[in-house]
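Lifted from TrEMBL, the feature list:
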type	residues	note
TRANSMEM	B:21-39	transmembrane segment
DOMAIN	B:42-75	domain 'Connexin N-terminal'
TRANSMEM	B:77-97	transmembrane segment
TRANSMEM	B:118-143	transmembrane segment
DOMAIN	B:134-201	domain 'Connexin cysteine-rich'
TRANSMEM	B:178-203	transmembrane segment
Amino acid sequence: MDWGALHTILGGVNKHSTSIGKIWLTVLFIFRIMILVVAAERVWGDEQDDFVCNTLQPGCKNVCYDHFFPISHIRLWALQLIFVSTPALLVAMHVAYRRHEKKRQFRKGDKKCEYKDIEEIRSQRFHIEGSLWWTYTGSIFFRLIFEAVFMYAFYYMYDGYQMPRLMKCSAWPCPNTVDCFVSRPTEKTVFTIFMIAVSSICILLNVAELCYLLTKFFLRRSKKSGNAKQQPNHENKEETKQNEMNELISDSCQNTVIGFSS
Amino acid sequence: MSWGFLRDLLSGVNKYSTGIGRIWVAVVFVFRLLVYVAAAENIWKYEHDEFECNIKQPGCENVCFDHFFPVSHIRLWALQLIIVSTPSLLVVFHVAYRENRDKHHNQKLYRNPREIDGGLLCTYLISLILKTGFEIVFLVLFYKLYNGFKIPHLVKCDIRPCPSTVDCYISKPTEKMIFLYFLVATSCLCIILNISELSYLIFKYSIKCYLKRYMKKQQ
């Protein structure tokens, strides 16, 4: 169980996302999770071993390290990535629920059901409308909140995003104010700024996606209320046009959810 | 053999679960297993090396560490994850038994071997009760072993061969405490989910039973 399993789960959601959603997922996996696993973990790997205080007093280093790093950057990022990915699971569950309902209808032999076999239901892509729209929009909203909360937590805990070279510590049992030196401060600052920048890009993508979904929703509503006054034939043409636009906007995806939607 | 095995096992269980059961599986995967592997394991990785006592007496650190940490938090956490996931195997075995029976007798003994009714319902309820029980047992164990869920900065140790009462410093106590609280919170969430699922199933099947009896009486 590792980030690969999360990738499998989220890959399934990719199929039902908008194109901005797909870009967000790509940014998440390549620029955040992969960087975390491949690079950042190595940089923070020796953080306590190489945290050195100018004293021989046993215990002083431990206490000072704990005082300045209540929770390590790398763990905060891992938690941030887990929390930010979780709302997408809501969408995966909603899609799985819809598929389950369609399969039930198909098995009952419902004449309204337009599918020829179960395989077609499994591979069908649901459009983001109706209750799925609310779930999807809610998931984006939660993502935004989690990103913002974690970025603020970082800023608050570490007084900004820069890693200082030297920290002065006078916690007991240190005999007086002792100089403590952090290992690789510049490299850590570079990675911190990188991760913050990518978080900001993800926030912008989420805001853009939210605006896009809201615009689409209001346009659809105004068209419906406009069409209600016109003839039914015209309404059908508008609906098919909307469907074609949806198809053009979204690409097909090869990943499928293995565990959660089966 | 690694956590991937548990992941496959739980994915299999997911097929026979109710909606709340699936949420439980999702919580276990994402908030417990993934957090354990991606974050928590590394915090406790060098706990013994970084445990430092204010003494040069050889053996004192070892003895004190062993006294204060009989079983490390991270090992208890791993045991908890494994043992809490195991009752779901009962359901898997029962469904496999049903499908086997159908095949053996070459006829449809069950309307749907995977549907939670009759004997499978009992098995499912038992697995829920066991899961909840194990969660509570581990939480109590954590509480009793470590006198609460707090991790102190400093512990005082006077066990032989330490010549006197010696100060020993634990590494990363704040970070460990944060993750310990996270563990407790997710355990409590899983307990709540299990109890809701139990109540939902009991309620649903009582209503079903009552309606059946009522229809029979009408006839």
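All residue numbers here begin at 1 and follow the chain in the order shown.
Just so you know, glycine gets a Cβ as well, placed from its N, Cα and C.
Remember, TrEMBL labels are computer predictions, not curated facts.
Mapped onto DSSP helix, strand and coil, the domain 'Connexin cysteine-rich' (B:134-201) counts 41 helix, 8 strand, 19 coil.
For the domain 'Connexin N-terminal' (B:42-75), residue counts in helix, strand and coil come to 18 helix, 2 strand, 14 coil, using DSSP. Across all of the domain 'Connexin cysteine-rich' (B:134-201), the predicted model scores a mean pLDDT of 93.
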